[in-house]
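Asker: Pasting the feature list from TrEMBL:
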type    : residues                                               : note
BINDING : Cys8, Cys22, Cys25, Cys31                              : [4Fe-4S] cluster 1 binding site
BINDING : Gly62, Lys63, Gly64, Gly65, Val66, Gly67, Lys68, Ser69 : ATP binding site
BINDING : Cys235, Cys238                                         : [4Fe-4S] cluster 2 binding site
Amino acid sequence: MEEVPHDCPGADSAQAGRGASCQGCPNQRLCASGAGATPDPAIEEIKEKMKTVKHKILVLSGKGGVGKSTFSAHLAHGLAEDENTQIALLDIDICGPSIPKIMGLEGEQVHQSGSGWSPVYVEDNLGVMSVGFLLSSPDDAVIWRGPKKNGMIKQFLRDVDWGEVDYLIVDTPPGTSDEHLSVVQYLAAARIDGAVIITTPQEVSLQDVRKEINFCRKVKLPIIGVVENMSGFICPKCKKESQIFPPTTGGAELMCQDLEVPLLGRVPLDPLIGKNCDKGQSFFIDAPDSPATLAYRSIIQRIQEFCDLRQSEEENLINS
């Protein structure tokens, strides 16, 4: 469908194509015919596929370069430290897939089986899927319009054979575009636990995070909380903290207070994080006592608690 008016009643509304705001809309005839309200059959197929996935977490950011993919990768690594927990990491950043590099999987390819696409495994309990595995070279540009991106996301959700999974982590591109709308739409029936939003302390990043929070509320996507990444630098020798990116407007803490959103924690800068991502290794192994590692572990624990509580509430609702 083409661009819709701001006060569009929605394709599934009784007023679709007939309301005053529909006059002059290029989609008016389509909506009035009822064709726009036809649900995508893939939604039910994905719901069925996702019955083996216990928790689904989206990792979002308003702006690129704030460490969203790095966080997604380390969330997966941290959760997978429990060998009894099965983790899936899905990279839907179609035009900038960095997960294969961060996870040390560059050059790997996806294999087809009778039950669908097989993920690429980092460990026995950590599987990864990315469009990067489908490219002949990591330097290849993916120049796709929205519908083709949406089709790829649909295929990832419907055709990848994850098996029994405790946590599905979805690494998204920055912003609030086609990819975000698609993954929320396709997973809505399968129940998403919530979104973790990544930011840095500067106002230029927080501006876009406010839009991201607004997006989540509009599409009824629960917000697990915000992570402030690159939050100061703690000298490994003198232990003094320096603000490399000063929070000129109060940083994520003040923004979270104003918008009544949980602040999950702050991850300080550590050069080893970038080095380990370039090498495709978990930062937690090289720097187990780093302030950044301790911050990550605290944040991961809070995310687990959120998911456990949400699951418990839903079970109580079903049994009541």
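We number each residue from 1, going along the chain as drawn.
Heads up, the Cβ atoms here are built off N, Cα and C, so glycines get one too.
Remember, TrEMBL labels are computer predictions, not curated facts.
Keep in mind that what you see is a predicted model, and the values were worked out from it rather than measured.
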Asker: On a C-alpha basis, identify the one among Cys22, Cys25, Cys235, Cys238 that is nearest to Val66 (ATP binding site); the candidates are the binding-site residues.
Answerer: Cys235
Asker: What's the number of neighbouring CB atoms sitting within 10 A of the CB on Cys238 ([4Fe-4S] cluster 2 binding site)?
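Answerer: For Cys238 ([4Fe-4S] cluster 2 binding site), the 10 Å Cβ neighbour count is 7.
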Asker: Looking only at Gly64, Gly65, Gly67, which of these binding-site residues has the biggest number of Cβ atoms within 10 Å around its Cβ?
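Answerer: Max Cβ neighbours within 10 Å, all protein chains included: Gly67.
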Asker: Return only the integer: C-alpha distance in Å from Cys235 ([4Fe-4S] cluster 2 binding site) to Lys68 (ATP binding site).
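Answerer: One finds 24 Å between the Cα atoms of these residues.
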Asker: Other than Gly62, Lys63, Gly64, Gly65, Val66, Gly67, Lys68, Ser69, which residues of the same chain sit close to ATP? List them in sequence order, counting a residue when its Cβ is within 8 Å of the Cβ centroid of the site.
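Answerer: After dropping the recorded site residues, what remains is Ser61, Pro174, Ile198, Thr200, Ser205, Asn229.
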Asker: Just counting, how many other CB atoms are there within 10 A of the CB of Val66 (ATP binding site)?
Answerer: 23
Asker: Could you tell me which of these binding-site residues, Cys22, Cys25, has the fewest other Cβ atoms within 10 Å of its Cβ?
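Answerer: Selected from the binding-site residues Cys22, Cys25 on minimum Cβ neighbours within 10 Å: Cys25.
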Asker: Distance check, please: Cα of Gly64 (ATP binding site) against Cα of Cys238 ([4Fe-4S] cluster 2 binding site), rounded to an integer number of angstrom.
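Answerer: Gly64 (ATP binding site) and Cys238 ([4Fe-4S] cluster 2 binding site) have their Cα atoms 32 Å apart.
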